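Below is one structure, written out as structure tokens; the observations come after it.
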Amino acid sequence: MAGAFGFKGCQKIRGPQIRSLLEAKDFFLFDCDGVIWHGEKAITGAAKVVNALIRQGKNVVFVTNNCTRPRENYVHKFCRLGFTDVMLEQIFSSSYCSALYLRDVVKVRGQVFVIGCDGLRRELLEAGIPCVEEADDPDATIYNCALAPDVKAVLVGHDDKLTFLKLAKASCYLRDPDCLFLATDNDPWHPLSGGRILPGSGSLTAALEVASGRKATVIGKPSRFMFECISSQFRGVDPAQCLMVGDRLEVDMLFGSNCGLDTMLTLTGVSQIEEAQEYRNSDLSTNQSLVPDYVVDTIADFLPAFEELEEQSN
């Protein structure tokens, strides 16, 4: 579609161009944080855009690296914030996709040691994947704690209760070359209010990679596996008919590029257009994968295009 418009690379579009894009695409993939909402507040107009796309018969899915909550909790959040038409089947989180990878791809036979929140564990358990139970004495150390038998995978996600003992245990399990090393995502950090940041899963994974001397297999964006999950659960997914909408160049735009999708950066989250322009003007060919095809200030920029389409149909 970018070629049809005659440009490639962080061009702001509006009005007729957005309308043409809406008509041309069948699948819309949205990141959540920074695109659909900020915390517990929906981005103005986002619910109208998503609900309108669904009512027009478009396929809408949500691809998020946030692994802290199970999918059913996302359904409740969407409903709470005014996204009344979103269903469980439309949500692809890195925790859900990690469970699918362990169950359906590697068919893990044994326990999984999880560094992560309860939401990640719940997705694994719902998929029938046994997790190592944490029952250490408060004074336990790596010198005297018990190590679980039959650990066939270590999975790292966001863990706000990370301890040195967890890292040490994971390092011990990964000494077995047959033990898989997986990460829900490699996001380095997440923005908080007041200019503070929260270290992401990628920072925890990096620590374990150094300790174990191994590299983790990343399940979430920008890995292709999330798109493979979508393709396996929706019939007739054609990359040429998909648009990936996100707010992080190094995650969402790279994910779209890796999967052969057109990409759109919305400026309501982490990355800004100046960063995209720097990547576009870079001499490094690898940086071109981080450049969005299209840029909008907010996905609410879709709304005038919907109004024009409705006027045409009346």
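We number each residue from 1, going along the chain as drawn.
Even glycines carry a Cβ here, placed using N, Cα and C.
Just so you know, TrEMBL annotations never went through curation; they're auto-generated.
Fair warning: this is a prediction, and the values are worked out from it, not measured in the lab.
Straight from TrEMBL, the features:
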- Asp31, Asp33, Asp247: Mg(2+) binding site (BINDING)
- Asp31: active site, nucleophile (ACT_SITE)
- Asp33: active site, proton donor (ACT_SITE)
- His190, Lys221: substrate binding site (BINDING)
Other than Asp31, Asp33, Asp247, the chain contributes near Mg(2+) (Cβ within 8 Å of their centroid) the residues Cys32, Gly34, Val35, Ile36, Thr64, Gly246, Arg248, Asp252, Gly269, Val270
The binding-site residues listed are Asp31, Asp33, Asp247; by CA-CA distance, the one closest to His190 (substrate binding site) is Asp33
Lowest local Cβ density (other Cβ within 10 Å) among binding-site residues: Asp33, Asp247: Asp33
List nothing but the one residue from His190, Lys221 whose Cβ has the fewest other Cβ atoms within 10 Å; the candidates are the binding-site residues. His190
Of the binding-site residues Asp31, Asp33, Asp247, which one sits closest to Lys221 (substrate binding site) when you measure Cα to Cα? Asp31
Neighbour tally for Asp31 (Mg(2+) binding site), based on other Cβ positions within 10 Å of its Cβ: 24
